[in-house]
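Annotated features, as they stand in TrEMBL:
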{"type": "REGION", "residues": "151-218", "note": "region 'Disordered'"}
{"type": "BINDING", "residues": "Ser328, Lys334, Glu335, Asp364, Lys494", "note": "UDP-alpha-D-glucose binding site"}
{"type": "ACT_SITE", "residues": "Asp364", "note": "active site"}
{"type": "BINDING", "residues": "Lys495, Asp519", "note": "Mn(2+) binding site"}
{"type": "ACT_SITE", "residues": "Asp715", "note": "active site"}
Amino acid sequence: MEASAGLVAGSHNRNELVVIHNHEEPKPLKNLDGQFCEICGDQIGLTVEGDLFVACNECGFPACRPCYEYERREGTQNCPQCKTRYKRLRGSPRVEGDEDEEDIDDIEHEFNIDDEHNKQNHSAESMLYGKMSYGRGPDDDENGRFPPVIAGGHSRHVSGEFPAGGEHGLHKRVHPYPSSEAGSERWDDKKEGGWRERMDDWKLQQGNLGPEPDDDPDMGLIDEARQPLSRKVPIASSKINPYRMVIVARLVILAVFLRYRLLNPVHDALGLWLTSVICEIWFAVSWILDQFPKWFPIDRETYLDRLSLRYEREGEPNMLAPVDVFVSTVDPMKEPPLVTSNTVLSILAMDYPVDKISCYVSDDGASMLTFDSLAETAEFARKWVPFCKKFSIEPRAPEMYFTLKIDYLKDKVQPTFVKERRAMKREYEEFKVRINALVAKASKVPLEGNNTKDHPGMIQVFLGSNGGFDVEGHELPRLVYVSREKRPGFQHHKKAGAMNALVRVAGVLTNAPFMLNLDCDHYVNNCKAVREAMCFLMDPQIGKKVCYVQFPQRFDGIDRHDRYANRNTVFFDINMKALDGIQGPVYVGTGCVFKRQALYGYEPPKGPKRPKMISCGCCPCFGRRRKSKHESNGDIAGGAEGDKEHLMSEMNFEQKFGQSSIFVTSTLMEDGGVPPSSSPAVLLKEAIHVISCGYEDKTEWGTELGWIYGSITEDILTGFKMHCRGWRSIYCMPKRAAFKGSAPINLSDRLNQVLRWALGSVEIFFSRHSPLWYGYKGGKLKWLERFAYANTTIYPFTSIPLLAYCILPAICLLTDKFIMPPISTFASLFFIALFGSIIATGILELRWSGVSIEEWWRNEQFWVIGGISAHLFAVVQGLLKILAGIDTNFTVTSKATDDDDFGELYAFKWTTLLIPPTTVLIINIVGVVAGISDAINNGYQSWGPLFGKLFFSFWVIVHLYPFLKGLMGRQNRTPTIVVIWSILLASIFSLLWVRIDPFVMKTKGPDTSMCGINC
């Protein structure tokens, strides 16, 4: 900090430096007469000679005489700061240990600068230079004026000292400013448990504890700012303990049930029995992988007021960390420009310092339509952003705000609000007309310009430091358009490659230490969402090891009953919350704030480890084995150098990050920022270089750095690599949803979306990054976290046993056989206990998570629908890609919505994914009809065995009911092609079973040879 930047002032009581700029009013500071004890807050007082009392001659820690005497008599006898043993001062009683010291009763020669020992003072002053602050005696300035600071044309560095003016010289007492350096230690009552309470009790007995009339009113705010910015909120034991007990009981019951099934085969239907047992064993393994990561669910709370008190102090520069926001889009016909514009507008209007926000829009299709619409968005932002901040509206995406069916006058007391709102709505309608005109022109007349697969890199700064002002003259956040270079013959890696290009461009231009990535249809629904994330990432306690903060996905435009489980509430409110109690949630592709250093492949900082008991190695039960000399030297070498220093000495940075000296330099700046000597023209030129299509060749991008390549679901891989390095993630669920997006409510679009996710999981399963065999080195990935990642890659394979299990009830009805033998009363208890434990687990899970039973049931239904359609096709396509090299095209999910409410819900779009569920549905319906008809023909004795078969068949039909409604559409009419294909497959399947084992039982009549024909 330079003196020319403004007036430097401070408060010894608050232990901080304050920079007051020319345009700011100086804050009144408390009178600096005297010093205050860091332990109890009382004035330190003077000695008999009138000098300031100094308890510790080594570090000058401010402590009053009562605290000094109490510590010598009943405490550790050491200085709380430097841990040096207190020496006996004049007038203090002797205590045990004083006999070892020289018999000197005064310290009058300790600070005598004319003494022959003045060398020690000079060495202490040089050691404290830049880190220590000299105290001021009571006679220096009776009125507490500011110390004179030269702030003219000459600039000099301020070391943190208060220079004495006039005839005043330096005084004896020195003590450090804890905020002067990140690694400096400070005295805190938390370090010595109960110290402040013991001192208060002792002073109360001595009569020294009284009111403090001169207490600084700002101390309460400072104490509040020092508190943690967030905290864990454990689930109530009354909810979580029964849940865990039921899980254990269900595991035991499941083992007993499977043992019974294996030991009791069905001899007349061995094929059906063996198939069902294999399916049940697979379901048990899948349940274990899904259930046990839910063992430690937690909630979290954030304190935004403490964040502001700590990093946004009045009269000081804003210390909140800068954030780069990434928005990715590909095809403007499937991702409408109006949707992208609303997302960008909500980002620019966030409640965050404008100079700390930079929005980068990646146009991976190099579309002129996206470029032109973004230019219109930048112009409209000059009017929209000040309107949002003036009236504090939510949400700050104009389309969603103006379509809200709420009382917009609630809590709005400004008399001009109604008038300005109407004017702004007219402005937005005109903006929509311009955007829609661009879309109409692009759809009718192909735009001349860039080839989406062969074009140079393009960067356009729409809003920035020059010209980036709104209609009221206030600065706007940066808005940058980026389209990376694409050429034939290069592998571009789809979305993951586009995100890595954004990381490099932002690293060159702004280099914020944190990055928020959003899909083009996920707008900012909570303007304080980034502040919520900063409560974790900027927390000095937990922020150092946090790689990203993931927010749950919430959606607009979904029908009230959520027919196809688009909200995915079970995953976001149960699974993700449970993973937060282990090592953190998985990365889900959007709504996530990253730490840039974690994306660069660095490992988290290593904290100090507690010493462990060392044994000789002969008895493994006590302590750990004594390390050899070679191992110890290796540990010392590894601990002495940080992760970055190790990388700097071991490898070439350009081979790791690419051939860009400016970008490589930015990777070493943990707090972000760009070199001040770089001109904007040079930075833009370098930004074009880092998005060239050959920049990543022979580097670690996509393998160890940034978004990881190798799967169309790059989000799972990226988060998995970070967790394997030892990082942890945080799940943040604010009361108001942070981000909201759109979901494909149409059945065909929904199945295609699930197909893409499942195919990505299959690709990860067969890759080198599979959680089954990757990441064991170092043991930094916790086992329950590994279970969760393994489940994300294995779940598509559950479609095969699930499909078989859905067909088994129909086969049993058609063949008059069953998968289980006749059971006894005792054996029936196994089935009752198993179904009871399943129901109890679900109920208790809903109890601690807050998920409704309807949402849980929709999730169960779509698990069957997606399992026998999209997941099955994903397994087939994945195997074809691995074995035959047949790749599948990546399809972007359409974000367009129908003008009619939920009109897209009833639209039918043909896809082969509809054939397997329809076939299973028809087969089960045919089986139910055949089974009931057969029971009617054979009498009442056939109804008993029929009930078990009907139960399983109805289980399948009920789970497929939403699929049946989707086939019928608005007119309740199934498309002809689906009916033809399904009936054809069902007929072939039924005839095959008729040929193998006819399901019509032969009626056994009386034996005519015994009693004659007239019997």
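Quick reminder: no glycine exception, Cβ is built from N, Cα and C everywhere.
Sequence features annotated in TrEMBL and their locations in the structure.
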| residue | record | CB count, 10 Å |
| --- | --- | --- |
| Ser328 | UDP-alpha-D-glucose binding site | 23 |
| Lys334 | UDP-alpha-D-glucose binding site | 14 |
| Glu335 | UDP-alpha-D-glucose binding site | 25 |
| Asp364 | UDP-alpha-D-glucose binding site | 22 |
| Lys494 | UDP-alpha-D-glucose binding site | 16 |
| Lys495 | Mn(2+) binding site | 21 |
| Asp519 | Mn(2+) binding site | 24 |
| Asp715 | active site | 24 |
Inter-residue C-alpha distance, Ser328 (UDP-alpha-D-glucose binding site) and Asp519 (Mn(2+) binding site) (nearest angstrom): 6
Binding-site residues near Lys495 (Mn(2+) binding site), in sequence order, restricted to Lys334, Glu335, Asp364 and a 10 Å Cα cut-off: Asp364
Rounded Cα-Cα span from Asp715 (active site) to Asp519 (Mn(2+) binding site), Å: 12
Cα-to-Cα gap, Lys494 (UDP-alpha-D-glucose binding site) vs Asp715 (active site), nearest whole Å: 12
Asp715 (active site) and Asp364 (UDP-alpha-D-glucose binding site), distance between Cα atoms, whole Å: 18
UDP-alpha-D-glucose site span - longest C-alpha distance across Ser328, Lys334, Glu335, Asp364, Lys494, in Å: 16
